[in-house]
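A.B. asks: I have a structure I would like to understand better, so I am pasting it below and will then ask my questions one at a time.
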Number of protein chains: 2
Amino acid sequence: MTDLAKHNRMANAIRFLSADAVEKAKSGHPGLPMGIADVATVLFGQFLKYDPTKPDWPDRDRFVLSAGHGSMLLYSVHYLLGSEDFTIDQLKNFRQLGSLTAGHPEYGHGAGVETTTGPLGQGLANAVGMAIAERHLSEEFGPSLVDHHTYAIVGDGCLMEGISQEAISLAGHLKLRKLIVIWDDNGISIDGKVSLSDSTDQIERFEASGWETISIDGHDPAAIAAALSSARESDKPTLIAAKTTIGYGAPNKGGTEKVHGSPLGAEELEAARKALGWDAAPFEVPSDILDSWRIAGLRSGQARKEWEKRLAETDGEARGEFERRMRGDLPAGFKGALDALKKKLAAEQPNVATRKASERILGTINEAVPETIGGSADLTGSNNTKTAQTKSITPDDFSGRYIHWGIREHGMAAGMNGMALHGGVIPYSGTFLVFSDYARPAMRLSALMKQRVIHVMTHDSIGLGEDGPTHQPVEHYAALRAIPNLNFFRPADITETLECWELALESRKTPSVLALTRQNLASVRKTYDAENLCARGAYILDDSADDPAVTIFASGSEVGLAIEAKALLAAEGIQTRVVSVPSFELFEAQSEDYKASIVGDAPVKIAVETGIRMGWDRFIGADGIFVGMTGFGASAPYQALYEHFGITKEAVAAAAKARLHEKVEG
Amino acid sequence: MTDLAKHNRMANAIRFLSADAVEKAKSGHPGLPMGIADVATVLFGQFLKYDPTKPDWPDRDRFVLSAGHGSMLLYSVHYLLGSEDFTIDQLKNFRQLGSLTAGHPEYGHGAGVETTTGPLGQGLANAVGMAIAERHLSEEFGPSLVDHHTYAIVGDGCLMEGISQEAISLAGHLKLRKLIVIWDDNGISIDGKVSLSDSTDQIERFEASGWETISIDGHDPAAIAAALSSARESDKPTLIAAKTTIGYGAPNKGGTEKVHGSPLGAEELEAARKALGWDAAPFEVPSDILDSWRIAGLRSGQARKEWEKRLAETDGEARGEFERRMRGDLPAGFKGALDALKKKLAAEQPNVATRKASERILGTINEAVPETIGGSADLTGSNNTKTAQTKSITPDDFSGRYIHWGIREHGMAAGMNGMALHGGVIPYSGTFLVFSDYARPAMRLSALMKQRVIHVMTHDSIGLGEDGPTHQPVEHYAALRAIPNLNFFRPADITETLECWELALESRKTPSVLALTRQNLASVRKTYDAENLCARGAYILDDSADDPAVTIFASGSEVGLAIEAKALLAAEGIQTRVVSVPSFELFEAQSEDYKASIVGDAPVKIAVETGIRMGWDRFIGADGIFVGMTGFGASAPYQALYEHFGITKEAVAAAAKARLHEKVEG
């Protein structure tokens, strides 16, 4: 058998495993795996540094299937390489409940799935984040421990999504030379030919962002290998534009949208078998071909062993630090450093915006936790995310710890996902809270993937003032609290900000948003408490002497206002309790008893927050009083806005009294 | 005075009005207006077809300040042109409560603000939508009624946002020759030099998408005029890259980020006055310069009068139709056509997915309402948004009524905003509901701008099955219901789908989302009802004979399930009411009495929906039973998922019985 014949049969193994699985599931996307099989065979067979016997090897190459609908490509290839997770039974259970072989690749469902993809363009931006993490860690621990490539396969859909431009332009700017992107240029999308909706010269587009580009026939293994070799030598990120036929081998449907997202059908699948000379039964791979694949799977074993040897020979301290970082454990000194600051803050009682509070706390964190990498989407001075420890990362120097993401909130969030997935770093970065909308698809994915990604989102309410309703979050608290497995924190002062930062860093499986104010806030936590009170999600901050007649629930900047309202009520002898609610999510995780005690049974319950009511009925009931927003904000100095929208201590106190009066009268 | 001297003084009028207003407000962005003043002077003074005495003239050129933070540019220019809205007092009240001169330009706050901008990149995509609407209407009504340009000024931030790529690539593909974009190439962003985060060759990037490009000195009025003249002759969209100095004229801060987003300060402002030889007091414009501007304002008056003459001479039917469309009134036959279909559906009782139902209804709507323009983000066959009436729009033929938006959800939503703002068309289009996240920033703006934009969002739950959690909305119902002034509809069958479509089209000031199923649903509306029951937001669909012991609230695909659960409960003699809740927003708009009657006082209240609980406490109370999702979905056939997540008639009936038992026992 010639090399070419062997290559073809190895590629056909991918094609038919993929098509067979889609056929059996009666659902899925055969077109991509069949089209890109030649590229995948060369990439995984000859280039990718990956050891199926040790799939979590830190210095493995990262591979991202950004065009996630072609998930069967990933499952087929990993089965062929000898994955312990992607067995033939898993392939037979493609898209079935409880199988690892989900409709789209899901991180955590089997080794080899480096990220969850499907929502288009995300994987490309994840790959950029992975490549950044690699460059940074390589700088820090040296190329003997960290020196690998990041590969991504993207489709036309990925390249049409706006996020791709953010990823491409940042990667080009940073000269991420170890990033290699393969474009499955098949000219077909769901509606038909790509030319129905796009005429972009992708080569020119990537070159405009400083990429190397190589155009090849995606079915020519020699050309593929040459392109990959060349890409690995480039001093820029490389795009390999691989011209392919979608559903390659399907004689009637291949090359058309018919093969994109539906099973081939028995007849066409049989015809494809004939056309490509594949006579193995469904889900069977001739033993010689399986052997060839398994040998390819073992290819990187030696490199892995050599790397382990180098690690073992590494100075104990550096090795320990590297291993700690890759495990994701926080350094020993972290808790102590934060606690010392907490004591200091309790003594100082500063009156400071929580964004400024965050900056100060970050100074302590970044000193104690060397794996944090900060950043901002071009709002560094507003988000206060840069500290003395975080020198900027530049195209020529990755030793820094701060990324100027540019005005690219979506790419930033997806890039941070990639950094967290890579491991060894903890990404945090900033934008305005209202622009969480721009980043939302990527934030959802970090929640789904259970990644420790921290979003510092400042200017968190009408309290930002003059910039007006386009910049004032109103529905965003509810919208972010709605995302499963995302902790949305809205701290009330500097001490709560510290506690929320601590929780965010310790939440290894949950991304966090810290919603922070532009305006100054008085300290509401008057004494030092060793316990992290915010960990409860909601807690009694300022209790009544006797049973409360009124309980006021509030978050963030409105907690201070609640305390002021309590003073007004106290002047009239009304027993009032103030509950601070920094996190709905952590509150829900408490015991039923604790939750019941916080919700309490005060005759009057009021919630105060500069957002919409949605979600607060949990605390105040459907008949509770909500003092907050009912529509969009406005442009004016912030004090005028609080007055205008009736979010004042007087309004809270008056509403409480009126309701109490009703109850007494009633 | 030479022409150049006059130009300079006219431009300086913009500069100092803007800088003075920012100074007085102690807040705002002087850098952009000062930098782009020369371009604006030439554009508004010599080119833009706009009549301040008739700012709603339909055939005016559209101008979009995509870099919305430079809002004072717009306010200054319109004051100078003779706007009735932007008086000098308004300028003096920049960024104050109740003024028209909001921090960022807000649509509806004064004529001349064609769209709300501030969130970067949106304006550029709005402009693309406006240019599409122009081409389409020009095709339909002829160039004697519709023949104008769309201009946009964009900054580096706009071009870094991903949405810009979606807009640019679509505009290039469609060859929108009457779209002219001016890039304020000042090399500065908030963090400092743009080169901190970006190295894109924008000229090459735009050319890769098929644009004409022209590079000029943005302070040279002759070059600006020549570029604009040339751009107007191009057969492609044109980018004019205008090299400018941010804060031009400020001797110390000009050309740096210091002048981007903060007042100049008294000293620097005075120094700028000296440097540019401007000796007028704050907010004063020398009368000769004001005269020059006012004359420029009158420039298009003749063209406007000629257009009105042409309109008057237009055949009565065509004129009536044009005027109806521009007013935004629906055609007379619309209600009758929908009602006839509604009767037919009541007789037929089809069992059909609501996305297919929507397609059928759209067939009637598109026949009766010629101003609809449909589309999809490359999911035409899945969203079912194309009907017999909607021929595709192509680069060479804009007479069609269907846009292949490509895989560009964000650009699509922002483009639809631009179409709606332009007027004369009603845009609707499709994607999967989960990808509302990609479109969200633009959807928020259509709500803020009160635009009739209709989103057909299919595959609205775990009911989409195998594609898995990346494609299954869970938090999206709550997240969309959270946006003020957005109607989120989740119809339960084909009749409700028809009613929701009717409401969406009649909601002239509110955008709509129609969340539609992939899977078939039985008809739940058994008889014809002339009233649009969905207009109530929630209504009793299937009542109990006596007072209900159990009320089940449900939306969309779960309404049928609620009815089935009712049958199970009925078999045990438990009185059960089923309330269908197609729209939370319309429900809240009902009278207190009506709302109280729907919420009712059944001992047991249950809500069933394939989303999270958030929002449902409004109906069921904090102690009500919710049968739905608590986290992300999974990949499997949909029936298996409903079972897996316990969203079944049996689960609903069992929960109701258990609670009833508790209550009776208690």
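Any Cβ shown, glycine's included, is placed from N, Cα and C.
What TrEMBL says about a protein is an automatic prediction, not a curated fact.
According to TrEMBL, the protein has these features:
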- B:H29, B:H260, B:R355, B:S382, B:H459, B:D467, B:H471, B:R518: substrate binding site (BINDING)
- B:H69, B:G118, B:P119, B:L120, B:G157, B:N186, B:H260, B:F435: thiamine diphosphate binding site (BINDING)
- B:D156, B:N186, B:I188: Mg(2+) binding site (BINDING)
- B:352-524: domain 'Transketolase-like pyrimidine-binding' (DOMAIN)
- B:H29: site 'Important for catalytic activity' (SITE)
- B:H260: site 'Important for catalytic activity' (SITE)
A.B. asks: For the binding-site residues B:N186, B:I188, B:H260, B:F435, B:H459, return the ones with C-beta distance to chain A below 8 angstroms, or 'none'.
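C.D. replies: Listed binding-site residues meeting the cut-off: B:F435.
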A.B. asks: Checking the binding-site residues B:G118, B:R355, B:H471, B:R518, which are within 10 Å of B:I188 (Mg(2+) binding site) at the Cα level?
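C.D. replies: So the list is empty; none.
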A.B. asks: Given the binding-site residues B:H29, B:D156, B:H459, B:D467, B:H471, find the one whose Cα is closest in space to the Cα of B:F435 (thiamine diphosphate binding site).
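C.D. replies: Nearest by Cα distance to B:F435 (thiamine diphosphate binding site): B:H471.
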A.B. asks: Return the maximum Cα to Cα distance in Å (whole number) over the record's thiamine diphosphate-binding residues: B:H69, B:G118, B:P119, B:L120, B:G157, B:N186, B:H260, B:F435.
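C.D. replies: Among the residues the record ties to thiamine diphosphate, max Cα distance equals 34 Å.
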A.B. asks: Pop the Cα-Cα gap between B:H29 (substrate binding site) and B:G118 (thiamine diphosphate binding site) into the table, whole Å please.
C.D. replies: 12
A.B. asks: What residue among the binding-site residues B:H69, B:H260 has the most other CB atoms lying within 10 A of its CB?
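C.D. replies: The residue with the densest Cβ neighbourhood is B:H69.
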A.B. asks: Other than its own, how many Cβ atoms are within 10 Å of the Cβ belonging to B:I188 (Mg(2+) binding site)?
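C.D. replies: Result for B:I188 (Mg(2+) binding site): 28 neighbouring Cβ atoms inside 10 Å.
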A.B. asks: So among B:H69, B:P119, B:D156, all listed as binding-site residues, which is physically nearest to B:R355 (substrate binding site)? Use the C-alpha atoms.
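C.D. replies: Result: the closest of the binding-site residues to B:R355 (substrate binding site) is B:P119.
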A.B. asks: Taking just the CA atoms, what is the gap between B:D156 (Mg(2+) binding site) and B:N186 (thiamine diphosphate binding site) in Å?
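C.D. replies: Roughly 8 Å, rounded to the nearest whole number.
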A.B. asks: Between the binding-site residues B:H29, B:R355, B:H459, B:H471, B:R518, where is the Cβ count within 10 Å the lowest?
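C.D. replies: Looking at the binding-site residues B:H29, B:R355, B:H459, B:H471, B:R518, the Cβ with the fewest others within 10 Å is that of B:R518.
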A.B. asks: Could you check which of the binding-site residues B:P119, B:G157, B:N186 is the closest Cα neighbour of B:D467 (substrate binding site)?
C.D. replies: B:P119
A.B. asks: If I take the alpha carbons of B:P119 (thiamine diphosphate binding site) and B:H29 (substrate binding site), what is the distance between them in whole Å?
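C.D. replies: B:P119 (thiamine diphosphate binding site) and B:H29 (substrate binding site) have their Cα atoms 14 Å apart.
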A.B. asks: If I take the alpha carbons of B:H29 (substrate binding site) and B:H69 (thiamine diphosphate binding site), what is the distance between them in whole Å?
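C.D. replies: The separation of the Cα atoms works out to 6 Å.
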A.B. asks: Quick check on the binding-site residues B:N186, B:S382: which one has the highest count of other Cβ atoms within 10 Å of its Cβ?
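C.D. replies: Top count of Cβ atoms within 10 Å goes to B:N186.
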A.B. asks: Can you tell me whether DSSP puts B:D467 (substrate binding site) in helix, strand or coil?
C.D. replies: coil
A.B. asks: Out of B:H260, B:S382, B:H459, B:H471, B:R518, point to the one nearest B:H69 (thiamine diphosphate binding site) in space (Cα versus Cα); all of them are binding-site residues in the record.
C.D. replies: B:H260
A.B. asks: Select the closest residue to B:H471 (substrate binding site) from the following binding-site residues, measuring between CA atoms: B:L120, B:G157, B:N186.
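C.D. replies: Nearest candidate: B:L120.
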A.B. asks: In whole Å, could you give the widest CA to CA gap in the substrate site formed by B:H29, B:H260, B:R355, B:S382, B:H459, B:D467, B:H471, B:R518?
C.D. replies: 48
